[in-house]
């Protein structure tokens, strides 16, 4: 690998992808079968580290032990803007982007590889998987494994008959509550007021989430990156559009 950053113009793909279609995705049967060593080779236990690559298969017969587990998940991460920003802010925290679009996932993966070559010792804590989070999230993460989940400028699916494809629904929130630890945070942001209100309504109604007060949210060091570092966030900024933010904390069952 040359370490040259990929050019986004060669990895463009339409923004919408049907989450209900068969995308021929590769996923583990359970979190215990997932091999994370190829994604985060710098975090493999020294006793069994080997030559590993992001391009390796998703599973290996003998999976090396990991020093850490993934804690941050960016669902529908797009071109990875948030991942790249948070990587150096939390260098010891493993983060994963999940993206269903082939070309977009490919771009992020190549950029991670290039940045690791350009900046030895950095960007080792981020990776990406092409995945449909609406179907296979529990296949990757154990109960209570995640501390932060990001839903940044998700597809609004404007038509009423398409609302079932929105990434925040009652059924999906049950899965999110399962993989998110108590005290963990869900971050949502959109430039579409109707979608924002939809996400707020569903999260407000769920017994395992409570909204974090705005004044507390603004003290979170991650919030500036949530607002501005994704491609969609930058586009809204250029168009002087409005952004609607809401964050929720995972709570105990009362």
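Using the three backbone atoms N, Cα and C, a Cβ is placed for every residue, glycine included.
Copied over from TrEMBL, here are the features:
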BINDING   76, 99, 100, 132, 133, 152, 230, 231, 232  S-adenosyl-L-methionine binding site
ACT_SITE  155  active site
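Between the alpha carbons (Cα) of residue 230 (S-adenosyl-L-methionine binding site) and residue 155 (active site) lies a span of roughly 14 Å. Every protein chain considered, the tally of other Cβ atoms within 10 Å of the Cβ of residue 76 (S-adenosyl-L-methionine binding site) stands at 24.
In the structure shown, across all protein chains, 133 is the one of the binding-site residues 100, 133 with the greatest number of other Cβ atoms within 10 Å.
Counting every protein chain shown, 17 other Cβ atoms lie within 10 Å of the Cβ of the residue listed as 'active site'.
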